[in-house]
Amino acid sequence: MTQQTAPAVVEMTGISVEFPPVRALDGVDFRLRPGEIHALMGENGAGKSTLIKALTGIHSPTAGTILVDGVERRFTGPADARAHGVSTVYQEVNLCENLTVAENIMLGAEPRLLGGLHWPAMRRQAASHLERMGLSIDPSSSLGSHSLAVQQLVAICRATVSDCKVLILDEPTSSLDTDEVAHLFTVMRALRDDGVAILFVSHFLDQIYEVSDRMTVLRNGALVGEYATADLPAAELVQHMIGRSMEVLEAAEEVVEHAERPAAATPLLQVVGLGRKGSVQPFDLDLYEGEVVGLAGLLGSGRTELARLLTGADRADVGQTRVSGQTTRLRTPRAAMGHGIAYTSEDRKGEGVVDGLTVRENIVLALQARRGWMRPLPRKQVDELVASYIQQLGIRPADPEALLRNLSGGNQQKVLLARWLATAPQLLVLDEPTRGIDVGAKAEIQKLVADLAAEGMSVVFISAELEEVLRISHRIAVMRDRRKVAEIDGGRATMDQVVDLIAGGGTA
Amino acid sequence: MTKLLRHHLFWPVAALVVLLVANTVARPSFLAITVRDGHLFGAPIDILRTTAPLLLVALGMTLVIATRGIDLSVGAVVAVSGAVALSHLASSPNPDSPVTVLTAVGLALALCLVLGVWNGFLVSVLGIQPIIATLILMTAGRGVAMLITGGMITTVNSGPFKTLGSGFWLGLPVAAVIAFGVFAVVAFVVRRTALGMLLEATGINPAASRLSGVRSKTLTWTVYTASGLFAGLAGLLISADTMAADANNAGLFIELDAILAVVIGGTALSGGKFNLSGTLVGALVIATLERTVTVLGISPLVTPLFMALVVIVVTLLQSPRMRERLASATRRPTPPSEPQPAARPDSTEVKAR
């Protein structure tokens, strides 16, 4: 390691955290110095979140010591941590949308006047905090009126209000576009130059390389090592993270084979002029067996809305749906399931996982719901089914009785996939199945999608990551402003071509 | 030891044992059961009998709470049930005939079923918050009961009907046999079929359940209907015990006792995972507590206060935070902290789609 200028502001030694029977962290050391941006790297379930939560007092370590500014600390919770200069900004914005920007920024540090709140001072101080970060946001506007990106920046601004020595940013960029990320990085660098120690978690490797000075890599709850970013090439980093070579990733690169489909084939699902007021303009789409159709478009372009109409999650008010040539109406998800159509929502937490139930229960949920409550699946069959999916998809921990809320995001996503695969669908609509999960799991899911299509399943694949859509789709439907604007051959499409279509320049 | 402490039934069972011990100390013959005229007699048998109606109401309440709901109307439904049955008996020329009694029982249960369907309709179809939806019937129900009885306390004599409340079967109180029997059947059905899991999924994440093809609306509707039916049955047991239909006081506050039984039994009001065996113990704790008040000779003036204190202690011991503290006090190193409070809307909030 190179010479260390400043003593560490956070020094964690031998940290272990257990959720019996799972050992989430096993004797991990971690050091954070003032004036550095330190990336915490690892796959889903590697223990990144657990380490952060151990630091901020949400989890209490079963072993190890935590020194903050040389003093041993066990924070009782995020508020206590914050009072000692350790602030956290989470992936999901934890602010009050119904309050103003100023109120959100100053919450907990409100200027007082005669026992009440000093409103003018609050606005003034909030404005100066915003200005310091180079943000031009009206402090008296309501937070809910801003985009998620702005809310994220406000959350960071809020974290720097109290005397902040350590700023933890857990996946702050997952919902931001390129310009917003650039702005965030400017803010981060300014804070770093002020001497703040920043702990940064992101799944985007290019971002890590762009902004971080140093990184700590975790794998399966154990420390792999600490590196200076400049000394560690990306390929090596990925190897450290997944503990295996890039083969899996490369395998996923070449998944698509462009076999010509028979000209006379009937589409599995054919929709004509399907639409819904205020949601998505009428569109046509044919889906064939053995084919992956990618949906590309910006957030809010109607990708999700289209998927929801295809799968009965929302009811269409115009248009026709034909399943294998038969005209039907998919009024509910249940009706769609009856036709072998499965849909996983982009909102994993809100519309996907049932976090208080076990892995086993989550996997059999859709299958059991289809059979009805009176015909329970025999326990033996359930156990075999669940064991086979845990093994096939590599769900960890490999414990059918683990509560789903104790699984990492990527593993929760795999459980959701298992839930739908168990129903043996003909058409699988995946809305952002790889969002917020790590490289390894992402590659596994892409590979799985390709394999499923090769076995004859029809797949609709939605992702904000264009590369991913290009890589695995046979055909790509492009969405813009709640309309389907083009449909292109996935094999011949180039990135630039799709970007043009999304931006409104090109023609189909 | 820790494992035992962490068992979900530990604290409710401990509370029950403590109450029984306290009673036995105050009155050594408390647990004695004697045989008189071929029937079992004694305080424990009495407790079983008085538990019966509460157990039935709490059974329905547990299922409703599992779906994130609550049913405040059960007390009123108890009153309606008694009013219907006794009014029918009173107006019949031959209240002792089994046919009349069966008709009375059938009428009462049918009406209560309809009331349950009404609640379910408000909650699952119209999407009204359960606490508001059932509040409607909580107040209106007593009015209905009043209309049926004409504002009088209807009293009748009917041998077969009285058997429901105070008769014996194979030496055991009929009321207890009915309530525990129904409870056992329902518990068996819920856990041996997929009903329990689907109810829990609905309670934990209604949106995800819907997308997974769970008929959440139908399930929700069904549990309110069941709750109405069980409350109706409880109303029959109560009115058969007193042989009087009192529209104002029959089943008064039984909804609160039932909610309490559910909570003491370890089912969270936020819905999801539920625990019928816990509810059973919870109902027994409440019935034993009422008995304890008389055995210990506690003045009626302080009775509510005494009961409140016991309830506070038991529910505190049942709370996840307290259990965690106790468990960590008995074991080092510290167990994992609670999972983060999942962002979940208020327990009584049900969104209409």
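Placed from the backbone N, Cα and C atoms, the Cβ positions cover glycine too.
Heads up, TrEMBL stuff is auto-annotated, nobody curated it.
Same-chain neighbours of the transmembrane segment (B:47-65): 71, 74, 78, 130, 166, 172-173, 175-176, 178-180, 182-183, 186, 190, 199, 203, 223-224, 226-231, 233-235, 237-238, 251, 254-255, 257-259, 261-262, 265, 267, 269, 271, 274-276, 279-280, 282-284, 286-288, 290-291, counting only residues six or more beyond its ends whose CB sits under 8 Å from a CB of the stretch. Taken from TrEMBL, the feature transmembrane segment applies to B:47-65 (among others).
Same-chain residues lying 6+ beyond the ends of the transmembrane segment (B:72-90) with a Cβ under 8 Å from its Cβ atoms: 53, 57, 60-61, 100-101, 103-105, 107-109, 111-112, 115-116, 119, 131, 134-142, 144-146, 148-149, 154-156, 158, 161, 227-228, 231-236, 238-240, 243-248, 250-255, 258. Under the heading transmembrane segment, TrEMBL lists B:72-90 (among others).
For the transmembrane segment (B:102-128), the list of distant contacts is 69, 71, 73, 77, 80-82, 84-86, 88-89, 92, 134, 136-137, 141, 161, 164, 216-218, 220-229, 231-233, 235-236, 350-353: same-chain residues at least six beyond its ends, Cβ to Cβ under 8 Å. As annotated by TrEMBL, transmembrane segment applies to B:102-128 (among others).
Annotation comment: TrEMBL describes B:135-156 (among others) as transmembrane segment. Sequence-distant contacts of the transmembrane segment (B:135-156) (same chain, six or more residues past either end, CB-CB distance under 8 Å): 72-73, 75-77, 79-80, 82-84, 86-87, 89-90, 95, 115, 118-119, 122, 243-248, 250, 255.
The feature transmembrane segment is assigned by TrEMBL to B:168-190 (among others).
Sequence-remote contacts of a segment are chain residues at least 6 beyond its ends whose Cβ falls under 8 Å from one of its Cβ atoms, and for the transmembrane segment (B:219-238) they are 52-54, 56-57, 59-61, 63-64, 66-67, 69, 71, 73-75, 77-82, 85, 105, 108-109, 111-121, 123-125, 134, 164-165, 175, 178-179, 182, 186, 195, 198-199, 202, 250-251, 254, 350. The feature transmembrane segment is assigned by TrEMBL to B:219-238 (among others).
Long-range neighbours of the transmembrane segment (B:250-269) within the same chain, counting only residues 6 or more positions beyond its ends whose Cβ lies under 8 Å from a Cβ of the stretch, are 8-9, 11-12, 15, 53-55, 57-58, 60-62, 65-66, 70-79, 82-83, 138, 145, 231, 234-235, 238-239, 242, 275-283, 285-286, 311, 314-315, 318, 347. The transmembrane segment feature in TrEMBL is assigned to B:250-269 (among others).
Below 8 angstroms of C-beta separation, residues 11-12, 14-15, 19, 22-23, 26-27, 30, 43, 260, 263-264, 285, 289, 323, 326 of the same chain, each at least six residues beyond the ends of the transmembrane segment (B:295-317), sit close to that stretch. The transmembrane segment annotation in TrEMBL covers B:295-317 (among others).
Per TrEMBL, the feature region 'Disordered' maps to B:325-353.
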